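Take a look at the structure set out below.
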Amino acid sequence: MFADYSWSELGSIFAMQGFAGLVLFSVFVLMALGLAIIFGQMGVINMAHGEFMILGAYVTYMCSNFFQSAAPALMPISFFVAMVLAFFASGALGMLVEMGLIRFLYKRPLDTLLATWGLSLILQQAYRTIFGAREVGVTLPEWMMGSLPLTDIIEIPINGLIVMAITLAITVAVAVVMFRSRFGAKVRAVVQNRQMAGAVGIDTEKVDRLTFGLGCGIAGVAGSAFTMIGSTGPSSGQLYIVDTFLVVVFGGATSLIGTVASAFTISQAQSTLEFFLSGSMAKVLTLLTVVGILMLRPQGLFVLKVRR
Amino acid sequence: MTPPFHAARKTELFGFLVLAAFVLLVLPGVVDPFRLNLVGKYLTYAFVAVGLVLCWGSAGILSLGQGIFFGLGGYCMAMFLKLEASTPEATKIQSTPGIPDFMDWNQLTALPAFWEPFHSLAFTIVAIVAVPAALAFVIGFAMFTRRVGGVYFAIITQAIAAILTILIIGQQGYTGGVNGITDLRTLLGWDIRTDSAKTILYFVNAFLLLGVIALSIAVRSSKLGRILVALRDKEDRVRFSGYDVAAFKIFVFCFAAAISGIGGAMFTLQVGFMSPSFVGIVPSIEMVIFCAVGGRNSLIGAVYGTLLVNWGKTTFSESFPELWLFAMGGLFIAVVMAFPNGLAGIYKSYVQPLFARIVVRPAHRRRPVGGGKTTPAIAE
Amino acid sequence: MTNNDFLLSVEGLTVSFDGFKAVDDLSFYVDPEEIHVIIGPNGAGKTTALDLICGKTRATAGSIRFRSRELTEMKEHQIVHAGVGRKFQNPSIYEDLTVFENLEISYPKGRSVFGALAFKRDAKVRERVAEIAEMIFLADHLSERAEYLSHGQKQWLEIGMLLIQDPELLMLDEPVAGMSVSERVKTAELLHRIIQGRSVIVIEHDMKFVEDIAHKVTVLHQGRVLSEGTMAHVKSDPRVVEVYLGH
Amino acid sequence: MKTNDKGGAPRSMLRRKLMIGSAALALGLAAAGVGHAQTPPTGEVNTTGLAVTDDVVKVGILHSITGTMAISETGSVQAEKLAIKQINDMGGVLGRKIEFIQEDGASDWPTFAEKAKKLLVEDKVAAVFGCWTSASRKAVLPVFEQYNGMLYYPTFYEGLEQSPNVIYTGQEATQQIIAGLDWVAKEKGAKTFYLLGSDYIWPRTSNKIARKHIEDHLGLKVVGEEYYPLGHTQFNSVINKIKLKKPDVIYAIVVGGSNVAFYKQLKAAGIDMTKEKPLVMTISVTEDEIRGIGGENIEGAYATMKYFQSLDNDNNKKFVAAFKNMWGEDMVIGDVTQAAYEGPWLWKAAVEKAGSFDIDKIKEASPGIELTTAPEGYVRIHENHHLWSKTRVGHAKSDGQYEVVYETKELMEPDPFPEGYQ
């Protein structure tokens with residue numbers, strides 16, 4: 001398929017394709033990070049993860065509408081305001097959910113699956129009732145939707161750059177919070193020995209609540225970021241959920257590094273295959289490979305060997 | 001020294017007879033043919049719910065991908081029926097007559113090899129049970145021998161369901177794609193679309209379901225059933241009592257898959273088509289909720305749970321479609337938070353004592369002596 | 001003396017978790033009909049050693065030979081079939097089942113999937129269950145749900161579940177923990193009765209109890225053997241005194 | 001309901017049967033002339049036990065209110081309700097007010113089949129307006145054929161179907177595709193095409209027809225053809241491939257949530273659709289979808305359909321005003337919404353022509369029925385139960401509307417089984 005092209009053209013395309021792969025990687029990390037934090041630290045699978053993302057997207061939608069009508073001059077920065085608001089909105093909802101639902105179910109992880117699934121149905125219908133069944137169009141600052149032309153062929157999508165930047169920022173922030181801050185130390189203490197952590201004066205319930213809120217808040221940021229590349233509707237969260245779960249499962253579910261590594265592997269595989277095959281076949285092949293590897297290594301790619 | 005299992009078995013037998021009377025006599029008696037056909041459709045989901053009671057309730061293995069097996073069974077049946085419907089005469093306007101219409105639309109010019117055996121009804125009947133069981137074996141073998149369980153197993157099965165859906169939709173030349181396999185008419189020349197055929201199929205379905213439940217009761221009251229419960233509580237203890245734990249889990253998973261396949265096949269027969277919307281995540285999880293509403297530990301309850309939720313869905317969505325999702329979501333949460341044992345639990349803690357007080361007044365009443373210590377075993 | 005004269009010979013056994021060696025080059029031997037007690041401070045690797053023998057944890061290096069069969073290559077249930085029984089530190093019984101069913105499940109028949117399906121509760125089974133129940137002082141509790149038993153009774157039940165399999169090597173992890181004084185006495189009595197024709201490895205902290213039962217004592221410290229011999233010998237070993245008994 | 005259809009039947013049955021023939025004939029003439037001037041007795045216009053009384057006739061509306069398809073189907077529901085309301089305001093059908101029973105298909109095909117059966121068997125509705133996806137139509141089709149109901153199906157679709165029990169008010173694929181391709185080849189000088197779609201039957205069949213037309217009839221070249229799973233949200237790789245192939249036209253049949261992702265990413269990748277290099281042409285994005293995509297993200301693309309909200313004629317102006325009046329000023333109307341609006345009107349015309357609500361008579365009366373008041377202008381029902389209609393090319397503007405840049409001179413003939421395109 002490359003015979004007709006000059007070297008410079010091919011080089012450009014490969015550069016573009018590499019960039020596309022990185023964007024996909026960023027998207028995957030952003031999707032999966034919140035879920036992985038909650039699962040890795042608390043053993044809870046949040047089936048409503050997609051709906052928390054969409055909450056972030058709706059917050060962005062409302063925020064952009066507000067800026068458009070109330071302060072058009074500030075429109076260029078509306079998106080970042082929206083993103084912060086999205087974090088707090090999803091995080092707050094997450095903490096509410098933890099308080100009213102999840103905390104009663106820590107000993108029954110399978111039941112949290114069902115309860116959060118129920119929650120996702122309720123949220124979807126709530127969005128439908130509030131925002132209407134149709135998708136909403138999120139108006140973004142004009143400067144974010146363009147591209148930076150480097151050469152004739154190479155054009156770097158700005159939204160791709162932004163997604164990558166956000167992902168990087170969030171990942172670093174999570175790493176700092178988890179491994180450098182006092183809160184992170186508390187979280188890890190609770191994960192390792194809940195009773196002991198409680199005994200030394202850590203408010204384990206509060207740690208749980210904040211962890212869950214953090215995971216949901218990151219989902220909200222992801223949703224906010226995805227208004228740049230995807231749709232915002234009551235059931236749009238479902239579009240992301242399969243990929244999200246696969247990334248988390250494939251990464252071994254317990255380590256954040258595993259999640260990042262798995263996001264990288266899957267995104268590169270998919271992006272490369274998509275280039276050489278038809279999109280549908282690429283997706284199927286990627287998924288089959290992932291399942292095949294999971295069959296051989298169901299514990300995921302990256303698990304620490306520990307005494308159980 | 002008779003273990004209290006006898007009492008439990010008696011209740012189960014009684015419940016089974018009541019259920020049999022309900023689905024074979026009461027429902028056909030009071031429900032019009034249209035609604036009876038609907039009930040028949042719901043009862044096909046009950047196969048899955050019964051399988052989940054064994055898997056999840058008994059053995060603690062929660063699969064969020066049971067729709068896979070329901071769908072596979074249904075597709076096997078649908079392939080047979082579609083081939084029967086695609087005679088060269090019926091399809092003569094196609095560029096390749098004699099193959100199913102959707103293949104023709106997708107430029108296939110010959111029947112794919114894996115469709116060929118489905119010309120035979122005998123093969124199809126075997127496949128309905130064997131194909132789901134075989135896939136369950138592969139999944140189960142990979143997961144259970146490596147000790148994957150709990151939440152992790154649940155999300156892997158879910159991922160597999162999602163993948164299978166994408167595969168079926170993507171390979172539409174071979175599978176009918178998102179439309180599924182539609183327009184099924186006859187079974188060995190017998191028109192399955194008429195009201196009388198639907199009534200007959202209802203009874204076939206009901207008898208099969210009762211048979212499956214009877215078989216499941218037998219499995220659960222065998223030593224294997226007790227090992228499953230034991231394994232749910234203390235997996236290591238079972239392992240170090242000399243049992244190959246993985247083999248037991250694989251068995252129960254395959255068993256549940258096989259009966260789900262029967263349900264799927266009966267669905268295809270009664271509804272007249274099969275589509276990938278049954279293989280995906282949403283129906284798979286909905287089927288778990290049927291089971292949970294009935295009581296995850298009660299085989300009989302699973303049937304009532306299925307009927308109740310679906311009846312609710314149908315009536316609710318006729319009058320307040322917008323509210324249905326709220327109700328369904330609330331049901332998920334309520335069943336988990338407030339009624340973890342579902343209908344069966346409610347029956348046991350409220351109805352049965354009442355019943356016992358009114359009906360079985362004399363001798364059998366066993367009052368616990370010496371505090372709570374000798375509470376008789378509750379039927380599982 | 002060749003290894004085959006021992007019922008169990010553990011040689012050069014090592015396991016590491018992420019670089020931490022919980023058991024490090026451990027070797028010890030168990031004679032037929034011996035009560036072998038393993039003692040040592042917390043974290044010495046006692047429970048890990050049992051885990052390794054019964055296959056719960058896989059060794060990084062070393063060998064475990066049981067009657068000339070290599071256990072490190074067998075699956076857990078095969079090790080049980082070979083005649084090794086293991087009681088866990090916390091009583092591990094099936095709380096949802098009755099005492100009778102607990103014992104019945106452990107009865108060494110119908111262990112395959114289809115064997116279990118076809119298993120019949122015949123007179124032989126009932127007799128054997130009754131016999132064991134008598135031995136573990138639970139004859140009156142057969143139809144009770146196991147969750148209603150006292151802590152000590154649960155410990156006995158678990159021992160009974162092992163006995164019904166008639167293993168040649170029995171490994172008990174802290175069998176008297178949480179027992180009342182009278183229960184301890186009964187348990188010691190029970191152990192003396194059940195060692196007929198089998199060897200027992202016991203992990204225990206209660207020194208009084210150890211002195212009562214031990215033929216041979218191995219002291220572990222930081223995954224290694226610190227001292228080995230009779231109770232008297234071990235007690236007089238200055239290193240043991242220093243790390244364990246001295247305080 | 002069940003009591004009504006038997007109302008007054010027993011004794012006069014024979015006499016009525018004798019009268020029916022002549023009555024129907026007379027009524028047919030009357031209906032053509034004066035419409036709703038008189039109210040014929042129920043026994044004469046309803047011989048098969050439908051839910052028709054002396055002053056009410058019941059119909060069904062069957063769309064997804066919940067689930068993923070609710071996004072698309074909401075507009076159709078609104079249009080059908082508007083049409084029913086307007087018909088009622090004009091006096092109803094054969095003197096009877098239309099009452100609708102709405103059911104939720106819940107984006108789930110078996111539910112569609114179940115609800116369709118309920119509408120026909122229990123409610124005995126005289127007609128059903130509904131379905132959106134091909135899958136839902138395929139699921140209900142056997143039900144309509146078995147229980148002899150009438151379905152008015154609004155969506156443009158792949159063709160390959162023709163049922164006496166269905167009136168297809170949307171365009172079948174050849175109608176929608178061919179005129180657009182001819183236009184882009186002639187007016188824009190396009191030589192190479194890149195075909196793209198969501199992976200299911202409609203985009204695949206449509207692209208098959210497009211490819212045949214491009215290669216065999218126009219003698220031009222297709223340089224790529226790809227499909228992505230429904231709900232796919234990452235299109236960067238295919239955009240790179242498109243950049244490599246440099247086609248003159250990207251022919252996109254992407255649907256649902258994927259649509260939004262596709263156009264946003266296309267724009268972000270530096271493909272400025274207003275420059276028409278390459279030109280983007282779609283048959284799947286109506287004004288409804290643009291709301292989700294954002295007008296600024298699709299500005300410059302071309303769509304070929306039979307209807308755009310901006311159509312400049314009196315029928316349409318009235319329709320748009322009425323629609324906004326009923327459902328809100330910010331509503332937009334897409335092709336399918338308009339086609340759904342035609343459903344009740346076509347049914348009304350058929351009933352009046354047949355002088356009866358009986359399904360068999362409506363089937364017979366339907367071919368040849370004209371609608372001169374249709375927002376799209378003029379339509380006529382073909383023998384094959386599809387509509388003759390014009391095809392138009394719209395040019396997307398940043399406000400989310402299409403500007404009509406071309407329309408076929410003649411009505412396009414519906415051809416669900418096109419020779420030479422299979």
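Counting starts with 1 at the first residue shown.
Glycine residues also receive a Cβ, built from the backbone N, Cα and C atoms like all the rest.
Residues or ranges marked as transmembrane segment by TrEMBL: A:12-40 (among others). Tertiary proximity for the transmembrane segment (A:12-40) is limited to same-chain residues at least six positions away from its ends with a CB under 8 Å from its CB atoms, namely 5, 46, 49, 52-53, 151-157, 160, 163-164, 166-168, 170-171, 174, 178, 211-212, 214-219, 221-222, 225-226, 229, 240, 243-245, 247-248, 251, 253-256, 258-260, 262-264, 266-268, 270-272, 275.
The feature transmembrane segment is assigned by TrEMBL to A:52-71 (among others). Beyond the ends of the transmembrane segment (A:52-71), by six or more residues, the same chain brings 31, 34, 46, 78-79, 81-83, 85-87, 89-90, 93-94, 123, 127, 131, 136, 138-140, 216, 219-224, 226-227, 232-234, 236-237, 240 to within a C-beta distance below 8 angstroms of the stretch.
Cβ atoms under 8 Å from those of the transmembrane segment (A:77-97) belong to residues 48, 52-53, 55-57, 59-60, 63-64, 66-68, 116, 119, 140-141, 144, 166, 209-210, 212-221, 223-225 of the same chain, restricted to positions at least 6 beyond its ends. Taken from TrEMBL, the feature transmembrane segment applies to A:77-97 (among others).
Under the heading transmembrane segment, TrEMBL lists A:156-179 (among others). Same-chain neighbours of the transmembrane segment (A:156-179): 19-20, 22-23, 26-27, 29-30, 33, 37, 83, 143-148, 150, 187-188, 214, 218, 221, 225, 228-229, 256, 260, counting only residues six or more beyond its ends whose CB sits under 8 Å from a CB of the stretch.
Marked as transmembrane segment by TrEMBL: A:212-233 (among others).
If you look up TrEMBL, you'll see A:239-263 (among others) marked as transmembrane segment.
Taken from TrEMBL, the feature transmembrane segment applies to A:275-296 (among others).
Counting same-chain residues at least six beyond the ends of the transmembrane segment (A:275-296), those with a Cβ under 8 angstroms from any Cβ of the stretch are 1, 17, 246, 249-250, 266, 269.
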